Amino acid sequence: MASHLAPSTPQNAWSSPGPAAFDFRSDTITSPTTNMLNAIAATTLLDDVFVEDPTTNDLEAFVAEMTGKEAGLLVTSGTMGNQVALRSHLGGPPHSVLCDERAHILVWEAGGAASLCGALVRGVMPKNGTYLTLEEVKKHAVLSDDVHACPTKVISLENTLGGTIMPLEEVEKIGRFARENGILMHLDGARIWEAVVAGAGDLKEYCKSFDSISLCFSKGLGAPIGSIIVGTKPFIKRSRWIRKMIGGGLRQAGVISAAARIAVEETFLGGKLKQSHDNAKTIAKIWTDAGGKLQLPVETNMVWLDIEATGLEVKDFVAMAADRGLRTIGGRLVVHYQISKEAIEKFRVLTRDILIEKKRGVDKGQAGKLMIEVE
């Protein structure tokens, strides 16, 4: 493995992206910045369980206003945000949650909805391969009050999912259907920032159709920790209770909130995400111009390479990337805002080497199946 991927000497991790500049595994990889460190050093240090920390209270109000909601609640992770929101919406069984079968709440959150909510989660694979449609929601939502049924109480959508955008128009149609049938709407908006930057709609427009939204400060934006859920004041009041119940009550939360505020202001509002989208398109073009195939369209900051079509196994692709100074976990490349120009050039070399091997007839087996979305 290249030395820059695992530095052996101590360094100020806050002063530069470091190994993150060559790491395509996730947009959680980003290194927090010196401005975040300075904000942490200057933050307030009062108790958030008592709702007394000004920095945290200000952050919650700031994001609530950005999304057009009444109130917000800081949580430590996107998983906690999604699960607290679902638990706050759901009273007691029988109840079910309808979502995309690739969604984080179903695949990547350790069965939390079943464990914490006693909910059946019904996953649906969209026929278009990218997002659920109203027709699919109508087909799979359980509206019956028959004693044998498990009625749908929440529709949970995710935007972006696999780097692809759920169109605002489709969100609004599903939202109208949900309201007409007394179903609550939750958005896993950990990466909703990316959809907004891509021009798919503004933040308030997207959030209007939902009763609750979870947004991440770490994925994409670069904060060291933290997410937030927003909704009505009664919903947030109940969510604060649920957060405490599952061990998520925060004491001197200003150390989280201060860095999160910098992440929103500098990375999202400051325009840094647009460059990562442009870099993703550049990487996709390098791959396709050399004859490579993609598994999903490139709409935001993710590039899904079709490794199977190259004849390589995923583990061989990962090893070849590491030999050339890049960290990957397979065909999903997450192009966060700290990816360097040098990393893109290293990818160009990797692409050339892989496709040259393919043309020479080197067959290293079949790759594993694509898994949409990891942390």
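In case you wondered, yes, glycine gets a Cβ from its N, Cα and C as well.
TrEMBL does not curate its annotations; it predicts them automatically.
According to TrEMBL:
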- 23-308: domain 'Aromatic amino acid beta-eliminating lyase/threonine aldolase' (DOMAIN)
- K219: N6-(pyridoxal phosphate)lysine (MOD_RES)
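Taking a C-beta cut-off of under 8 Å and a sequence gap of six or more, K219 (N6-(pyridoxal phosphate)lysine) has these contacts in its own chain: S26, D27, T28, G78, A190, R191.
In the predicted model, the domain 'Aromatic amino acid beta-eliminating lyase/threonine aldolase' (23-308) shows an average pLDDT of 97.
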